[in-house]
Each structure stands twice: as C-alpha cells, then as structure tokens.
Amino acid sequence: MASSVLVFLLFLLFASSYAQLSSTFYAKSCPKALSTIKTAGCDASLLLDDTSSFTGEKTALPNVNSVRGFDVIDTIKTKVESACPGVVSCADILAVAARDSVVALGGKSWKIQLGRRDATTASRSKANSDIPRSTFSLSQLISSFSDKGLSAKEMVTLSGGHTIGQARCTIFRARIYNDTNINTAYATTLKSNCPSTGSDDSLAPIDTASPKVFDNSYYRNLVNSKGLLHSDQELYNNGSTDAQVISYRRKPSTFLSDFAVAMVKMGNISPLTGKSGQIRTDCRKIN
Ligand code: HEM
Ligand SMILES: *[C@@H]1O[C@H](CO)[C@@H](O)[C@H](O)[C@H]1NC(C)=O
Ligand SMILES: *[C@@H]1O[C@H](CO)[C@@H](O)[C@H](O)[C@H]1NC(C)=O
C-alpha cells in the first residue's frame, strides 16, 4: 500500500473542530467500509514495487504526481462508492489507508476515529503557511506543530513517518551540498543521482536503511548523521530533542506505540463533522 498516502493524510489533517468522531461511524451505513478500503488499497499497492535504492528520474517522472498516491486513493474511492454510494468521505479513506499502510509495512495499528467530512474549499496559502518545510530549524518545526496543538515530543514521534517514502532531489539538494552535519559517504552517494543542478525530480528514500519497513531506523540514521532532509537532521543536532531520538533508536516498540497514539491525535485535529462539508464523489473535486 502506498507510503505516500501518509503524506497526503498529513496535508489533509493540517488543512481540515475537535468534534465527535467515532470508531463505529460506518457500522450501520457502510459496514464493509473498512475492509473495502484495506483490500482496494492492497490491490493498488504498486508503490511497494519501487526499488529500495535511488529511483531514476526517467522512470519516476511521469508518476511523480499521479501514481505516488492519488491514484491509489481514486481506486479505493471507486470501490467504496460502489459498496456504499455517498457515505464514506475521502478524508476518512485517507485516514484508514494511512493506518493500513503503516500496519502493512510492519508498524503498530491504532483504532481510527471516523466520521470526517470532506472540505468544499482548499487554501494554497494556508497550505503554504501551515505545512512545515524541510528547510525548517528545530524551533520552527516545534512551533509549526505547536500551532496545531501538537507537542515537541509528538513532532519528533510523527517525524518517524519518514521511515518510509521518498523525497525529490530538489528538496534535499541544499542539505547534501551545503549542510555540514551530514555523513560524508552518505552525501557522496546521494550526489551521484542529485547533481548540483538538474534532475530535480530524482527520488531518494528518506530512510536509507529500510525505506519500506515501518521501523525505528529513521532515528538510527539521525544518530549517524544520515537524515535525508535538513528538517530530519534538526531533530538530532545537539538540541533539546536528541534524547528522544536516542531513546527511539534504543526502543523501537516505544516509537511504534507512541506513533500510533500521536496519529490518532493528529487525525482528530479540526475535522469537518455533522453537516459541515460534504461526502465527495470524486476525491479530486468538490461535488
Ligand atoms: C516534521 C515536519 C515534516 C516535514 C518538514 C516534512 C517534509 C517532507 C518532505 C519535504 C517530503 C518530500 C516531498 C517530495 O519530495 O515530494 C516528505 C515526504 C514524506 N513525508 Fe514528510 N514532513 C514532515 C512530517 C511528516 C509527518 C508527520 C508524516 C507522517 C506521519 C510524514 C510522512 C511523509 C511521507 C510518508 C513521505 C514520503 C511521500 C512519498 O514517498 O511519496 N511527514 N515530507
Ligand atoms: C550552497 O551555499 C552557497 C553559498 O551560500 C549557495 O550559493 C549555493 O546556492 C548553495 N547550494 C545549494 C545547492 O543550495
Ligand atoms: C555536537 O557537539 C559535539 C561535541 O561538542 C560536536 O563534536 C559535534 O560536531 C556537534 N554536532 C553538531 C551537529 O553540531
């Protein structure tokens, strides 16, 4: 199942009033909702077939904006709509698909709170202002999560989502050419597919050790100065969050259970519920 689903979930969640979500929201209206999402998601799991090393620009380029996530959600939505037309929101599908992806890749499960509705507007400027950047310093990362009610500890925990998935050369170029807190051999390897100009869309796994396993190796990488994004390495750069990184490196089970709890909390930030918003028919556009 698509690792990139997670990142869309993040966008969605950051964009979307503590309200009454419930784990049994679809029990009567669409009893097959959860199993349909899981099965359809697995059938669409082409992302698991990516190579674990650097993915070349040529093969990746046409897929960068489509196959890396949105198509998977479209496939799931189509199947859910045929089971229960107009009942299950895209927002809930994303939340469930993210959870199922984590579990499929070895992470710990959590109970999903359901009943989110889909937005009828979107704000580019809010996405730009509210979503943290990979160029952020530790204090900027802490404050962007704090603005959403998430603690510094939860920020470090949720950043562990970077144990899967990929990033583009254009995102990590400045880190591999200009940062000094990066393992030299690691930077050299990355430079071979991410020249100082060009190949902007070449992809590299964010977790160089085990890009398709939901484990604690993201934190091990940080201790070895092998964070791919500048923002990743900020979590272990002689600052206030070093101790938590070390603790997660030592105790994978603590990371996995903290991650599950933090995902529930992030998933409950300001959802549309009740009569707000709509149930989109096509996740890509409003009805
Ligand atoms: C701490 C602040 C965060 C920053 C600055 C950040 C930034 C980024 C960036 C720049 C990328 C690469 C995008 C690209 O190259 O197209 C990325 C990918 C990703 N992020 Fe984050 N992220 C953050 C938090 C999170 C959280 C909380 C999660 C999930 C719990 C997450 C999950 C992912 C995943 C799964 C990918 C890979 C997407 C793919 O392979 O298509 N990130 N992130
Ligand atoms: C690295 O820093 C130099 C000097 O500030 C700057 O000119 C250059 O554009 C930076 N390179 C990257 C890849 O960001
Ligand atoms: C952290 O501090 C140690 C000891 O003072 C130093 O050797 C190391 O270079 C520092 N690391 C970073 C990333 O600044």
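In case you wondered, yes, glycine gets a Cβ from its N, Cα and C as well.
Because the structure is a prediction, the values reported are computed rather than measured.
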Subject >> Per TrEMBL, D207, D215 bind Ca(2+) 2; matching candidate in T157, T163, T273 >> reply: T163
Original post:
Which cysteine out of C90, C169, C194 is the one TrEMBL pairs with C283 in a disulfide?
Top reply: C90
Subject >> From C84, C194, partner that TrEMBL gives for the disulfide involving C169 >> reply: C194
Original post:
Quick one: which of the recorded positions (C90, P132, T163, D215, C283) have their CB closer than 6 Å to ligand 1?
Top reply: P132
**OP:** Calculate the distance in Å between the alpha carbons (Cα) of C90 (disulfide bond) and T163 (Ca(2+) 2 binding site), and round it to a whole number.
**Re:** 25
**OP:** Between the Cα atoms of D207 (Ca(2+) 2 binding site) and C194 (disulfide bond), find the distance and write it as a whole number of Å.
**Re:** 16
**OP:** Would you mind reading off the Cα separation of C169 (disulfide bond) from T163 (Ca(2+) 2 binding site), to the nearest angstrom?
**Re:** 18
